[in-house]
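One structure below.
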Amino acid sequence: MVMETESKFHVLAVDDSLFDRKMIERLLQKSSCQVTTVDSGSKALEFLGLRVDDNDPNALSTSPQIHQEVEINLIITDYCMPGMTGYDLLKKVKESAAFRSIPVVIMSSENVPARISRCLEEGAEEFFLKPVKLADLTKLKPHMMKTKLKKESEKPVAIEEIVVSKPEIEEEEEESSVIEILPLHQEIESEQLEPMLSSNKRKAMEEVVSTDRSRPKYNDITTSV
């Protein structure tokens with residue numbers, strides 16, 4: 001088993017041929033992928049944290065050595081392998097609730113239309129004829145992006161609370177600025193009114209005094225005319 005750890009997408013490559021494993025590994029690395037290679041379908045299931053029940057070959061159980069913390073974005077497997085074929089591996093992955101969303105691509109050196117149709121109907125994303133070319137691997141990026149986007153969508157968005165509370169903060173700041181402006185206007189208006197009130201007050205007093213002087217007085221009693 002070989003692992004490269006610095007790539008964006010993580011691909012699990014399955015092939016019983018050492019030459020074909022090395023070939024697909026190099027092509028995937030040129031496509032900036034992290035690659036894990038295994039030589040059988042059973043080892044692929046073991047890496048995912050699954051194993052076939054000895055009592056029931058059709059049933060899957062959790063392996064004691066679980067690798068579920070390692071994110072796999074795509075599985076590419078040879079079709080013709082001893083023991084578990086690529087088609088069998090495809091079915092096992094699609095039967096697993098935890099891993100059925102992982103895209104699976106089948107490779108084969110034999111162009112058999114019925115085999116290709118069966119794999120695609122079972123859920124394979126692509127069926128490549130060997131030798132696989134670098135141009136073929138460009139078709140894998142959209143499939144790998146699906147798993148990345150799904151993982152990101154499942155993450156909780158902590159910033160949501162900040163976004164919700166932000167308008168309330170701005171509204172409070174706006175209200176406080178209005179409150180600060182209002183006293184300023186009131187202060188200016190009061191300063192402008194004060195001399196006017198003083199002037200009006202003087203005029204009123206002068207009018208009272210002049211009125212008092214014009215009224216006749218009898219024994220210090222003012223009579224209204």
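Glycine residues also receive a Cβ, built from the backbone N, Cα and C atoms like all the rest.
Record features, source Swiss-Prot:
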DOMAIN    10-145  domain 'Response regulatory'
MOD_RES   D78  4-aspartylphosphate
Local Cβ density at the residue listed as '4-aspartylphosphate' - other Cβ atoms counted within 10 Å: 24
Assigned element (helix, strand, coil) containing the residue listed as '4-aspartylphosphate', judged by DSSP: strand
